[in-house]
Amino acid sequence: MKGCLLLHGFNGDPCDMNPLADVFNEKNILTHCPILHVRDQPKKNLRRSTYLDWIQSAHQGYKELSQQCSDIAVVGFSMGGLLAFHLTQRYQPKCMVTMGAPIYCLDGKNILHDISNSIKNKDYLRILDYTALFRIPLKANYHFVKILRSAKPLIKELDVPLFVIQGRKDPIVKAKSAQYIFDHAKTPQKEIRYYDRTSHRFYGSVETPIIFEDIVSFVSNHL
């Protein structure tokens, strides 16, 4: 059986990946999105969780899916893309997709400037990308940096078919992050695509149907 492991982002939960999971399921590809030990627990536990907890959650999710599927793809959104590099090094899935995976993030000054412009332009969806970030404990942010630093060296070792996608309107992840991943990945089987009207939330974009179609097509071709 064919399967796809979906990894949600730093301040997200499995529900974020449900729209994409539905498209995969229509193609008879089984999906599983494990709960990463980040948001889906009381804030006091979030303060205690570490990047090692998040990696372990992703590994456990892969193992659970592998009990039902022999051919597996990994799709990671935002921080989930960083976790996907860890899984790919260990398990060598059939292919991998990163959605807005962060290598370069905006600094505080740029974020405030972008929020100001978004308010003036009434771009409320863009503002939503920021609001939850300000409620994240400092320790969790520290471990986000740790997961980024641990995943970055793994990119050059990645040797499975890779599809890198990035929204050009992403206020959280700089577009050059996608180019870095594409340029440094070892695999010769790689594609990169930018979506001009998409912010960080791929599932809330006017281009969402196209994005999902591109992802499912890539995965289907390699499973």
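Don't overthink the numbers, they just go from 1 along the chain as shown.
Placed from the backbone N, Cα and C atoms, the Cβ positions cover glycine too.
Caution: TrEMBL annotation is automatic and unverified by curators.
These figures come from a predicted structure and were not determined experimentally.
What TrEMBL annotates here:
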- Phe10, Met79: substrate binding site (BINDING)
- Ser78: active site, nucleophile (ACT_SITE)
- Ile119: site 'Important for substrate specificity' (SITE)
- 134-202: domain 'Serine aminopeptidase S33' (DOMAIN)
- Asp170: active site, charge relay system (ACT_SITE)
- His200: active site, charge relay system (ACT_SITE)
For the residue listed as 'active site, nucleophile': DSSP state (helix, strand, coil): coil
Spatial neighbours of Phe10 (substrate binding site) among the recorded positions Ser78, Ile119, Asp170, His200 [C-alpha, 10 Å]: Ser78
Shortest C-alpha distance to Ser78 (active site, nucleophile) - which of the recorded positions Ile119, Asp170, His200: His200
Of Met79, Ile119 (the recorded positions), the residue whose Cβ has the fewest other Cβ atoms within 10 Å: Ile119
Other C-beta atoms that fall within 10 angstroms of the C-beta of His200 (active site, charge relay system): 24
Top Cα neighbour of His200 (active site, charge relay system) in the set of recorded positions Met79, Ile119, Asp170: Asp170
Cβ neighbours of the residue listed as 'active site, nucleophile' where a neighbour is any other Cβ within 10 Å: 25
Rounded distance in angstrom between the Cα atoms of Met79 (substrate binding site) and Ile119 (site 'Important for substrate specificity'): 26
Counts by DSSP class (helix H/G/I, strand E/B, coil) across the domain 'Serine aminopeptidase S33' (134-202): 32 helix, 13 strand, 24 coil
Count of other CB atoms lying within 10 Å of the CB belonging to Asp170 (active site, charge relay system): 25
Where Ile119 (site 'Important for substrate specificity') falls in three-state DSSP terms: helix
Stretch-averaged pLDDT - the domain 'Serine aminopeptidase S33' (134-202): 90
Ile119 (site 'Important for substrate specificity') versus Asp170 (active site, charge relay system) - Cα distance in angstrom: 16
